[in-house]
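Database features (Swiss-Prot):
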- 14: active site, proton acceptor (ACT_SITE)
- 42: active site, proton donor (ACT_SITE)
- 13-19, 41-43, 312, 338-340, 421-423: GTP binding site (BINDING)
- 14, 41: Mg(2+) binding site (BINDING)
- 14, 15, 16, 17, 39, 40, 41, 42, 130, 144, 225, 240, 310: IMP binding site (BINDING)
- 306, 307, 308, 309, 310, 311, 312: substrate binding site (BINDING)
């Protein structure tokens, strides 16, 4: 029998999921995106060549893999066509490998306009969205007024639905945010221009997944963003608009949760965050916080967002938050990424608890952003190492201090580290236990 594996982020995104998904897809038949949209940025480096994907699953560069976009993904036709064009220009036969659920909500120009207008109106207190219309598209889905991919194939129905929802949103754009209305005819024409292209890729995702499972083939589910950005379990309201946790697989792909065999949590050897929101172990943000260790992490780790290009805030590893990620996702094993970025640091710190305002200590995360902003991290110090770990592919090749750091993460979280990444390239990895084995 095959195995069904979930790969997801355990922090605030940017943990290195793209590389890991690409690495594991040599054993998978399907790679499935189940939430998010083109706000995700998954970077792959293969033989020195860099590819950044935002919407299409990271398995698209593999000949043996079909890539699936499930119903939980909000889909921008414009972004999809741009990504298809980029890959086809490099000789990748995307349309032969990509399958899409007709139930995917569409991201249309008025969603982007709303997203940008709202962030602008928040002034110096933005949520930190990518401005790509993700949140407004999910809002329309929940409000049951959104258009879906399947609507594109009935032009009359699409036009009627578009006219209704556009009237609703244009009223807000013009009268509340004082920006221009979105044009109906251009929105309609642009959508119809890609309808036939998308129609050729439509599939019943639930049926496909079940038949693949019954055939004994492996399925890999690729998460976007990270656990601490989950709409329900993250640092609300500084979160994304979807469920980034393992439960999102069932709802966002239509796959029964009892069929999941392994959840791989991607954990960076330190912590980063893009945009606004609490960050207890933060060291460096390029503005108010200027700790040299944090700058080292950002510079050596090339910490700039793959989607937005924004500087990522950096800080020490937070084991309290990691324990919560383990609880929510029932994580089977970790993939520890960017261990090499810690090379050269004399002392390392891991947050093992939070001190509250009244002086009490807890190892439980707060329920919302307001609680996070009031905690002080409690650190455990460990010796660092001076040796170079870039490209090391066996535990024996790591310095003792690095091995001790890995073991301490396992002890604090109760989860084994099954994969260690020591560089951006596919080959700069040690697999201690393969999730598909």
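Glycine residues also receive a Cβ, built from the backbone N, Cα and C atoms like all the rest.
Remember, predicted model here, so these are calculated numbers, not experimental data.
The local packing around residue 312 (substrate binding site), expressed as other Cβ atoms within 10 Å of its Cβ over all shown chains, amounts to 23. The two recorded residues residue 43 (GTP binding site) and the residue listed as 'active site, proton acceptor' have their Cα atoms spaced 9 Å from each other. Only 42, from the recorded positions 39, 41, 42, place their Cα within 10 Å of the Cα belonging to residue 19 (GTP binding site). Within 10 Å of residue 16 (GTP binding site), counting CA to CA, the recorded positions 42, 130, 309, 311, 312 contribute 42. Neighbour counts of Cβ atoms within 10 Å were taken for the recorded positions 19, 42, 310; the minimum is at 310.
Proximity of residue 225 (IMP binding site) to non-local residues of its own chain (separation of 6 or more, Cβ distance below 8 Å) is seen for 9, 12, 13, 36, 39, 40, 240, 242, 244, given in sequence order. Each of the binding-site residues 311, 339 was scored by how many other Cβ atoms lie within 10 Å of its Cβ, and the smallest score goes to 311.
Take the Cα of residue 41 (Mg(2+) binding site) and measure to each of the recorded positions 14, 309, 339: the nearest one is 14. Around the Cβ of residue 41 (Mg(2+) binding site), the number of neighbouring Cβ atoms within 10 Å comes to 22. In this view, residue 14 (active site, proton acceptor) is surrounded by 29 other Cβ atoms within 10 Å of its Cβ, with every protein chain counted. Pairwise Cα distances among 14, 15, 16, 17, 39, 40, 41, 42, 130, 144, 225, 240, 310, which the record gives as the binders of IMP, peak at 34 Å. A helical conformation is recorded for residue 19 (GTP binding site) in the three-state DSSP classification.
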